[in-house]
Amino acid sequence: MESLTLQPIARVDGTINLPGSKSVSNRALLLAALAHGKTVLTNLLDSDDVRHMLNALAALGVSYTLSADRTRCEIIGNGGPLHAEGALELFLGNAGTAMRPLAAALCLGSNDIVLTGEPRMKERPIGHLVDALRLGGAKITYLEQENYPPLRLQGGFTGGNVEVDGSVSSQFLTALLMTAPLAPEDTVIRIKGDLVSKPYIDITLNLMKTFGVEIENQHYQQFVVKGGQSYQSPGTYLVEGDASSASYFLAAAAIKGGTVKVTGIGRNSMQGDIRFADVLEKMGATICWGDDYISCTRGELNAIDMDMNHIPDAAMTIATAALFAKGTTTLRNIYNWRVKETDRLFAMATELRKVGAEVEEGHDYIRITPPEKLNFAEIATYNDHRMAMCFSLVALSDTAVTILDPKCTAKTFPDYFEQLARISQPG
């Protein structure tokens with residue numbers, strides 16, 4: 001297996017221009033495909049997940065052109081639901097941001113489409129979304145294991161009263177929200193359980209509004225969506241920088257700054273993960289906010305005990321930053337780490353122990369006490385981009401670290417390690 005050894009980093013300083021947000025890129029691509037008119041997306045993320053969405057749209061007959069660096073995309077909207085000519089199978093890798101929204105959108109009208117993916121995708125639950133779509137009339141068949149992909153979709157979603165469990169993934173609600181305006185009838189979506197990752201729903205609602213559709217949000221407990229609507233192209237749309245990707249550089253600055261400035265997001269960003277900066281500030285770093293940037297300057301870091309439900313992806317970065325904080329850090333309400341690219345709670349606990357931390361792994365929390373000195377370790381990444389990027393922070397000590405399968409960062413940030421090296425001074 002390929003590996004990358006990072007030598008100790010003495011200091012980080014500089015500016016990082018963030019790649020486009022994965023969450024925003026794939027939502028914007030789908031809405032542009034469903035819309036009337038031509039949409040030009042700029043600062044689009046070029047990553048595995050986005051390529052899976054683009055390949056699926058091409059297979060569904062959507063016409064688009066990409067710039068040479070794949071960050072500018074012109075899409076000719078379909079002006080309504082997507083249809084396949086005859087039976088079709090779409091392979092979506094391990095891209096939840098493609099699987100979930102397409103599973104809903106392709107239930108409009110009459111289709112016969114199979115959605116499948118990598119082995120890990122077949123372990124990521126989708127039953128709550130399927131249950132909700134079936135309540136709205138969709139015909140969906142599980143082809144292997146009940147409640148998991150692959151799925152066969154045969155259209156039939158017309159709207160009506162549906163309910164969806166919000167406790168596992170907000171992507172199920174996102175998928176329903178983006179699909180419902182194109183259904184023939186009005187849709188009322190009721191949320192069962194506690195809605196996780198609420199800020200990701202705000203991204204969805206914000207993008208739908210950009211494409212001309214507004215819905216009634218009743219305190220995140222119920223959403224009322226008028227049927228028979230259509231999306232309209234906004235013309236040109238700039239994809240924000242990825243706030244989850246920003247977390248690694250901001251944390252690096254908190255640990256071994258200097259000052260690091262990330263551009264492409266700022267105080268008015270629609271992504272909830274910008275709140276990660278507030279957590280670093282609470283730990284002792286100095287944060288400065290602009291309209292188009294966030295900067296972080298080193299501070300003496302102290303442990304925290306916090307509910308991280310609102311920023312589950314960026315919270316992983318706090319788990320490795322905790323290695324450099326004084327005291328024991330507890331991250332709570334993070335059950336949905338278990339249903340991501342890998343079981344992130346198990347993976348994080350296992351690898352933190354390798355570098356010498358004392359770790360308590362709970363059902364939905366993790367407690368981390370750093371060692372006096374970090375151990376050298378080979379870090380398994382579980383084919384999970386965030387594990388690779390989080391554990392790069394170990395090199396901000398006086399200990400090297402080896403990252404196995406470093407190219408798994410291609411899911412969201414193909415040149416992550418080059419960008420980290422650019423702002424790093426060796427120890």
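Cβ from N, Cα, C; glycine included.
What Swiss-Prot lists as active site, proton acceptor is D313, and the listing cites sequence analysis. Within the same chain, residues at least six positions away from D313 (active site, proton acceptor) with a Cβ under 8 Å of its Cβ are S244, S247, D273, K340, R386. Under DSSP, D313 (active site, proton acceptor) is assigned to a helix (H, G or I) in the three-state scheme.
Of all Cβ atoms in the protein chains displayed, 25 besides its own lie within 10 Å of the Cβ of S170 (3-phosphoshikimate binding site). Among the features that Swiss-Prot reports, 3-phosphoshikimate binding site is placed at K22, S23, R27, S169, S170, Q171, S197, D313, N336, K340.
Positions annotated as phosphoenolpyruvate binding site by Swiss-Prot: K22, G96, R124, Q171, R344, R386, K411.
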Subset of binding-site residues (G96, R124, Q171, R344, K411) lying within 10 A of N336 (3-phosphoshikimate binding site), CA to CA, in sequence order: R344
Residue from G96, R344, K411 whose C-alpha is spatially nearest that of S170 (3-phosphoshikimate binding site), among the binding-site residues: G96
Among Q171, S197, N336 [binding-site residues], residue with fewest other Cβ within 10 Å: N336
Number of other Cβ atoms within 10 Å of the Cβ of G96 (phosphoenolpyruvate binding site) across all protein chains: 21
Subset of binding-site residues (K22, R27, S197) lying within 10 A of K411 (phosphoenolpyruvate binding site), CA to CA, in sequence order: K22
Residue among binding-site residues K22, R27, S197 with Cα closest to the Cα of R344 (phosphoenolpyruvate binding site): S197
